[in-house]
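What Swiss-Prot says about this one:
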- GLU558: L-isoleucyl-5'-AMP binding site (BINDING)
- LYS602: ATP binding site (BINDING)
- CYS897, CYS900, CYS917, CYS920: Zn(2+) binding site (BINDING)
- 58-68: motif ''HIGH' region' (MOTIF)
- 599-603: motif ''KMSKS' region' (MOTIF)
Amino acid sequence: MSDYKDTLNLPKTSFSMKGNLANKEPMILNKWEKQGIYKKIREHFAGREKFVLHDGPPYANGSIHVGHAVNKILKDIIIKSKTLSGYDAPFTPTWDCHGLPIELQVEKKHGKAGQSISEDDFRKECRKYAKKQVEIQKKDFKRLGVLGDWEQPYLTMNFDYEANMIRTLAKIIENGHLSKGFKPVHWCTDCGSALAEAEVEYADKVSPAIDVKFKIKDKDKLAQAFGLDSLNHDAFAIIWTTTPWTLPANQAIAVNNQLNYSLIKIEDFYIILAENLVEQTLKRYAIENAQIIATTTGNKLTGIIAEHPFYSRHVPILHGDHVTDDSGTGLVHTAPTHGVDDFTLGKEHNLSMEIFVKGNGCYSENTKLFAGEFIFKASDRIIELLGEKKRLMNSDKIKHSYPHCWRHKTPLMFRATPQWFISMEKQGLRDKALQTIKETSWAPSWGQARIEGMVKDRPDWCISRQRTWGVPLPLFIHKETEELHPNTIEILHKVAEKIEKDGIEAWFNADDCEFITETAQYKSVKDTLDVWFDSGSSSMCILDLDKRLSYPADLYLEGSDQHRGWFQTSLLVAMSAKGSQPYKEVFTHGFVVDEHGRKMSKSLGNVTSPQDIYNTLGADILRLWTASTDYKSEMAVSDQILKRTADTYRRLRNTARFLLSNLDGFNPVTDIIEFDKLVKLDQWAIAKTKEFQDKIIEAYDKYQTHTVAQLIHHFCSIEMGSFYLDIIKDRQYTAKTDGHPRKSAQTAIYHIVHALVRWMAPILSFTADEIWDATPKTTDLPIQLCEWYTGLKSFDQDAELDLEYWAKIQEIRSEVNRVLEIKRNEDVIKASLEAEITIYADKYNYKLLEKLGNELRFLLISSKADLKVIEESTSSSIAANILGLLIEITKIEEPKCERCWHRSSTVGDNPQYKDICSRCVENITTEAGESREFA
């Protein structure tokens, strides 16, 4: 037996079988850095139509988690796909750098501002800390393969950004949207500050639920209201509350004019309840022998005076539209400084707005009996006092949804304080925002209804904060009238100029006289701006001012929690400052959870860190998992899920390697064969690739990365791996090196690789770079500067062997493979080349298959394939799952060719080559080698 190894075209490529991504990726990153690849992209696509995806700023605090990674990877995939489509698609990363979380970190090391450390030094430390955190996160984002202008990111603490926030505020004031108000706002006692809606989250809390007796002062008036002559016992209005700590601030009781109220006698006193709540309330009190004396309407009760349960204070009964008879007692305790409805009622009736609770959550010195006590701890003492004074009708516990601080996870309180607001009603901001939402594209589509509901119901936006590390609210108000200085806009622009030069410190360290002359009449506001105003201003501070970008953004892409956060604040700032929408399209992705659908938590031990993933499996595995997951809902990740992703990656890599290894020696300048002259199967491969490319580009355009990933995987494993590449192995390895059959296959492979590497590039950025380096090409451009491949062709409309034809051939081949597997299991054959395949076909299928002539065997990867009419079928033939088709498999008895391994009666016909078939002899000895037309 001779050794024919040197006569075969064995596969050869520099593209390795093993990814070894964790080690290779940093080297590829280093190469990109040296090439200045992002700068080259910008230069190459300069002047093209722009596509701007505006980056929502992550908070500069701590290492990135897998949610951050998902967000940046999705953005990177979209940007890279848009670049492939020929857009100038810049990506400028941003960071949120002010606010409480950074203050808390600095406090741990240096103590509170103004106590252990000066406020000026505290801000310097905050700036230093934020800068360090940005560098940590930047390194991680770059390691994920995310391309962007990392050297010039936008930080909300950049001096120019801080200054432009002040200029944005000036526009908002100029447009009439700012208002000052003494209003109840969500207040965190740990933050010592008001919170915006976006900083409030709801969680279950167990609270005391008590029914309190307010004694009616004028019994005769009450009797008259119920149509009675008189009352011979004390009467009480009963309120139900879950916030006993607000009782010191009670100033009124609210009823509804339209509701019916009952007077009920219990032993030696009367109580007042809403008629529809009598039965369930008495049941709650476990009282059975009560007697309903009379019923009246709420409007008859208004004006009657009650007495505070433990203070010498008169409490009027007033009408409130917010009062219902759905729960409680139908009479509502009213503390104007601790609730929105209470406040509205208090303003309407000029009730006392005395503040009883300080910013730290303790009662102020003017709170009799409870001064200095923490409000939530004082509830038990208040309940005890009510019992002593016989004013407690009932006491219970209730588990209910309650507002908590998003940062501290502690319960909030409503607290009326002087604050600055962007008004939702002045200048019709709410209606304008709602109209703009309708004009914006939202995906998933439910995002529109979600943000509409939030904007429709949201209160005025409280933009003032009582913090140290934040952009100032640099206003001057009159010391007596509290009106804004008449030159406010001019002053703000002066402040912005100083901040642009020296940062926010320029305001905090300045004297008032540097900005105004009337310091005797006006004082400066010491508040800072809500950090959501920082990020919400980004469209004004970045998109509207940076000529490299454009306003509005084409796309915002963030987690689904941003309907109440950045999407909303961006909209409100842009609408109030510029009067137009900041974005054309808004996409959201779901949260990352574990394989059981649980949130990531250190306590559960289910945290998957991006650092662990890219240091072990590689960033491309994380990128592939991100792209493969339908990100419109929750995204499950675990070690097991990532292992499956790594398996998928291996299949994709092996396909790329097989393709590249069969391009050894191929010169695209001299060896390309025209489409019409290719072997028919190679024509199919190119046309099929074109069909997939059209679908893939469409999916990329719709940001459907999971569809892209599915299509690429299907293409590699089914169309290529299970069909085309399986069939052409024989031709590639055994045909004459420079003969037409092999060059035809190499031409198809060349086109396929050039398309496939581009499909992969947005997702598998590192691997695509590696593939590109190993690919024969006619350009020196790096893959990042390429556009979608245009060398693919489709079949003409009148093509006889078109995609539909080959789809039917694939079906038939699958059925043949099924029967081959049956015969393998029966030990009739060990491999398909040992099989003699006979297909019995009806007229329709016969016509399909006869077109392939004697090359049918190459498609079926067998040594012999016969086609016969169905009437000649034998009892040993097996019915296919295709109508009009039977298949018979027998073992071929011909000798094996030692070169191509086909069984052939021609083995030994040539005395010089006794152990190979005549086809192999032709490929070794003749100038042209064998010819192929179909496969």
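Here the Cβ of each residue, glycine as well, is placed from N, Cα and C on the backbone.
The structure, with features from Swiss-Prot marked on it.
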residue	record	Cβ neighbours (10 Å)
GLU558	L-isoleucyl-5'-AMP binding site	21
LYS602	ATP binding site	7
CYS897	Zn(2+) binding site	25
CYS900	Zn(2+) binding site	21
CYS917	Zn(2+) binding site	28
CYS920	Zn(2+) binding site	28
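Panel annotation: around the motif ''HIGH' region' (58-68), residues 95-97, 99, 101-102, 105, 130, 133-134, 136-137, 140-141, 155, 559, 591-592, 600, 607-611, 613, 622, 637 of the same chain, lying at least six beyond its termini, place a Cβ under 8 Å from a Cβ of the stretch. Close to the recorded Zn(2+) site, the chain also has THR734, GLU898, ARG899, TRP901, HIS902, SER904, VAL907, ILE916, SER918, ARG919, VAL921: residues not among CYS897, CYS900, CYS917, CYS920 whose Cβ is within 8 Å of the site's Cβ mean position. In this structure, the CA atom of CYS917 (Zn(2+) binding site) is 67 Å away from the CA atom of the residue listed as 'ATP binding site'. Within the model, the motif ''KMSKS' region' (599-603) shows a mean pLDDT value of 77, rounded to a whole number. Residue pair CYS920 (Zn(2+) binding site) / LYS602 (ATP binding site) shows a Cα separation of 64 Å.
Nearest in space to the residue listed as 'ATP binding site', taking C-alpha to C-alpha distance over the binding-site residues GLU558, CYS897, CYS900, is GLU558. With respect to their backbone Cα atoms, CYS897 (Zn(2+) binding site) and GLU558 (L-isoleucyl-5'-AMP binding site) stand 61 Å from each other. Mapped onto three states, the DSSP output places CYS897 (Zn(2+) binding site) in coil. In the three-state DSSP scheme, LYS602 (ATP binding site) is classed as coil. Between the CA atoms of GLU558 (L-isoleucyl-5'-AMP binding site) and CYS900 (Zn(2+) binding site) there is a gap of 56 Å, rounded to the nearest whole number.
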